[in-house]
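A.B. asks: One structure coming up, written as C-alpha cells, with questions to follow.
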Number of protein chains: 2
Amino acid sequence: MPASNLNPAANAAQTITVELPQNPYNISIANGNLATIGTAMQNPQLKLGRKVLVVSNPTIFKHYGQIVVAAIEAAGFSVNSCILPAGERYKTPASIQKIHDAALEMRLERSSTMVALGGGVIGDMTGFAAATWLRGINVIQVPTSLLAMVDSSIGGKTGVNHPKGKNLIGAFHQPKLVVIDPTVLKTLPAREFRAGMAEVIKYGVNWDKALFEHMEAAKRLDQLRYVSEALLNTIITHSCQAKAVVVAKDEKESGLREILNYGHTIGHAVESLTGYRVVNHGEGVGIGMVAAGEIAVEMGWWSREECDRQNILIEKCHLPTRLPAIIDISAVVPKLQTDKKVKAGKVRFVLPKQIGTVAVTDQVTPEIIQPVLQQLASA
Amino acid sequence: MPASNLNPAANAAQTITVELPQNPYNISIANGNLATIGTAMQNPQLKLGRKVLVVSNPTIFKHYGQIVVAAIEAAGFSVNSCILPAGERYKTPASIQKIHDAALEMRLERSSTMVALGGGVIGDMTGFAAATWLRGINVIQVPTSLLAMVDSSIGGKTGVNHPKGKNLIGAFHQPKLVVIDPTVLKTLPAREFRAGMAEVIKYGVNWDKALFEHMEAAKRLDQLRYVSEALLNTIITHSCQAKAVVVAKDEKESGLREILNYGHTIGHAVESLTGYRVVNHGEGVGIGMVAAGEIAVEMGWWSREECDRQNILIEKCHLPTRLPAIIDISAVVPKLQTDKKVKAGKVRFVLPKQIGTVAVTDQVTPEIIQPVLQQLASA
C-alpha cells in the first residue's frame, strides 16, 4: 500500500525508487526537470558512457528537443538524435531498424545511452531498441504524455507490434532513470490527457483508495486546466508509486504484476476490434474497467455502490463507458482468446473486490461476459 | 577451475548445471539424447507449456527433424516446425520475423517453448526470437555442431547481424535446457568440426590446462574419426563445464566472461575483413589465438615455449595460423576500433599468462600489434 505521507506540497521535487534487487532505479518528478536532465545523468552511480542517442517524434522534438539535447550536451555528453514518425502504426520492427541504424552510425558502445523523449510509442520502441543493441545498452525514459508518465515509462516493458497483434514482439528492459516533468503536459492534447487518466483511475481501483478519493473530490477531471497543481502532483506521484511497488515485487509479471492489467482484457479487445483507430488505449481501458466492474458485481465480488463510484469517476474524465457502436458484440469473446495473457487457453480477468483491492481469476465464462457486453452496447 | 573428476568413461551420460542465481539450467550430454528429448522436457521443474516450435535449417532437419519432433510429440506436446535457409547470411532481422510469424500462426503462449535444432546460426536466431516473443518465452538449445555444443548454445547470448556488423542486434536470454547428442557430429562437415576445435583449444588456454594436455596427447585432431570416443567426451564435457562456470559467475559479461573472447579480437577482424566468406568463425579464432599469443609473448606475459605449444595444437587441428593472403594488413588495426568490446575507444585483448590462465588488458598498442600481424602474414 502507498505510504500515507505521499501527498506533498505542489511542485516539490519527488524521487520514487523502483526497488528491483538487480537493477533499482529512480523516477524523478519535478517541474522543470527537462532542463536539468544532464546533471541527473552525471550521477556516477548510473555509470553512463559519453555517447547519447535521443529518440523522439517530430512534434515532441519540436517542443522539447532543443532543451533536452542542450541540457545533456552541457553535461559533457556527445548527443545525436533519431526522429521517427509519430503514431502507433509506426511502432514496428522497421522503426527499430532505424534506431539501430542511428546507433551504428554513432557507434554506440555497451555503456552508451538511449533517451526516449516522447509518449508510450517512443518509450516502448526506444526501450526495445536499447534492449536489443549489443545485447542491451542503457535507456532513460523521459515520458511526455500522462499515460507514459504514470504507466509505460516505468517497469521495463518494451516492444513493437506484429502486423497481427499489439506488443507481441518485445523484451523486459528496465530504464536506468525515469525523468518526469509535469509541465510538459500543457502541450498534450486533451484526448491524450483523458487517456492517461484512465490508467490513473486504474491505480485508484486496483491499489490506492486514497488516490481514488482524491479524484472523487475534484470537480472536473476532463482537461488538465481544471486540475489543480496539487492534485496533478498527487495523481502522478501516487500512480508512479503504485507502479513502482508492483513492478519491484514482480518484475517479469509472474504474479502480482498481473493486477496492472485491470481493465485491459476487454480494453485490448475493444482497441483491436476497432482497428486501433476509433478507441485509443486509455479509452479502451476505461471501457474495460466498466466491463470488469460489472462482471465483478455480477459474480458477487464487488458492491453495486462501489462499481457506480468507479463508473462516475470514469465519466467525470469524459472517457467512454460504452462499447463503440461499430463493434460487433459477438466478436468480443472470441477476440479475448487471442489475448497475450491467455494461459492454457483460459482468459484471465482482474476483478475488483473493493476500491483499492483486486484479484485475478480465470473463472469468468462467456455466459457471464456476454450479458455485460449487451448492457454496455451503445444505445 | 574444472573439477578433476570430470573425465568419465566414454559414452556415460553427463549433466552439467549452469548455476545462475535466477535461472539455473542443465546441459545434458549423452549419445542418443535426441531420441529422449521429449522425456527431458516433461520434467515438471521446467514448467513447459504444451506448445513447441522447432526451428531448424533444411540440412539438419532432414537428418534429425523427424526423430526430434517425434520424441517431443510422444511426450504429449503439440509441435510445429519453422525451417529457415542455412547460413550466416540469413542471420538477419528478416529471419526473426519469419520465426515470429510461425509463433503467431501457432499462437505460442508465454509458457510455450522454441527448440533450436542446429548450429550456431539457428541457435542464435531461435534464442533471439524466443527472447523477443511476448517479451520472452522458453527456449531449448539442441546444438548439432561442435562449435554450438561447446560454446554458442550455452550462456544465453542470442542475436542476429546488422548489415554493417555481426551480432550487433541481440539479447541475453538463457535457455531452459541444453541437449547435446555427440553422435550427431558424424554428419558434421570436417571443416566445421575443425572450427569447433578452435573454441575447444580456447578453453584449454584460457581456463583448463588438463583439457589442453589431453588434446596435446592425441595423435590427430583434424577429423572426428581420429578422435577417440573418450577424448571426444572429454572435449565436450570439459568445454561445457568451462563455459558453464564462467557464465554462472558473470552472466552479462561485465567481468570474468570477457576471457571467453580469447582469440576473438583479431579473429573477428579477420572474419570481417574477408567478408565472412573466406574464413569461418572458428578459423578466425584460431588465427586470433596465434596473434594474441604472439602479442602476449611480445609483451612479456607469456613464455615462448607455451605459445609454441598452443600454435602446434592449432596446427594439429589443421586450422590456419596465418592471415589470409587477401587481407590488407594495414586495415586490421583500424578494424579493431569497430569491435563490440571497445570501451571508451580502447580495444580490449585477452592475453595468456600461462596455459589455463589469461587476463584482460586495454594496453595493447598498434605499435605492438602491427609487427605481429606482419609476422603472421601469408608467405
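Including glycine, each Cβ sits where the backbone N, Cα and C put it.
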A.B. asks: Figure out which of B:His173, B:His264 sits with B:Glu199, B:His281 in the Zn(2+) site per TrEMBL.
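C.D. replies: The record-listed residue among the candidates is B:His264.
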A.B. asks: Listed in sequence order, which of the binding-site residues B:Asp124, B:Ser145, B:Lys166, B:Glu199, B:His264, B:His281 sit with a CB under 8 A of chain A?
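C.D. replies: The binding-site residues close to chain A: there are none.
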A.B. asks: Tell me the Cα distance separating B:Glu199 (Zn(2+) binding site) from B:Lys166 (NAD(+) binding site), rounded to the nearest angstrom.
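C.D. replies: About 18 Å separates the two Cα atoms.
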A.B. asks: DSSP says what for the domain '3-dehydroquinate synthase C-terminal' (B:196-342): how many helix, strand, coil residues?
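C.D. replies: Per-class counts: 99 helix, 0 strand, 48 coil.
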A.B. asks: Neighbourhood of the Zn(2+) site (B:Glu199, B:His264, B:His281): other residues with Cβ within 8 Å of the Cβ centroid, in order?
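C.D. replies: Going along the sequence, the neighbours appear as B:Leu147, B:Asp151, B:Ala198, B:Lys202, B:Gly263, B:Gly267, B:Gly282, B:Gly284, B:Val285, B:Gly288.
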A.B. asks: Work out the three-state DSSP category of B:Ile122 (NAD(+) binding site).
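C.D. replies: DSSP assigns B:Ile122 (NAD(+) binding site) to helix.
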A.B. asks: Are there any residues at least 6 positions away along the chain from B:Glu199 (Zn(2+) binding site) with a Cβ closer than 8 Å to its Cβ? List them or say none.
C.D. replies: B:Leu146, B:Leu147, B:Val150, B:Asp151, B:Ser239, B:Gly282, B:Val285
A.B. asks: Would you mind splitting the domain '3-dehydroquinate synthase N-terminal' (B:82-194) into helix, strand and coil residue counts from DSSP?
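C.D. replies: So the counts come to 46 helix, 33 strand, 34 coil.
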A.B. asks: Rounded to the nearest angstrom, how far is the Cα of B:His281 (Zn(2+) binding site) from the Cα of B:Ile122 (NAD(+) binding site)?
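C.D. replies: Cα-Cα, rounded: 15 Å.
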A.B. asks: Looking only at B:Lys166, B:His264, B:His281, the binding-site residues on record, which one has the least crowded Cβ, with the fewest other Cβ atoms within 10 Å?
C.D. replies: B:Lys166
A.B. asks: Calculate the distance in Å between the alpha carbons (Cα) of B:Ser145 (NAD(+) binding site) and B:His281 (Zn(2+) binding site), and round it to a whole number.
C.D. replies: 13
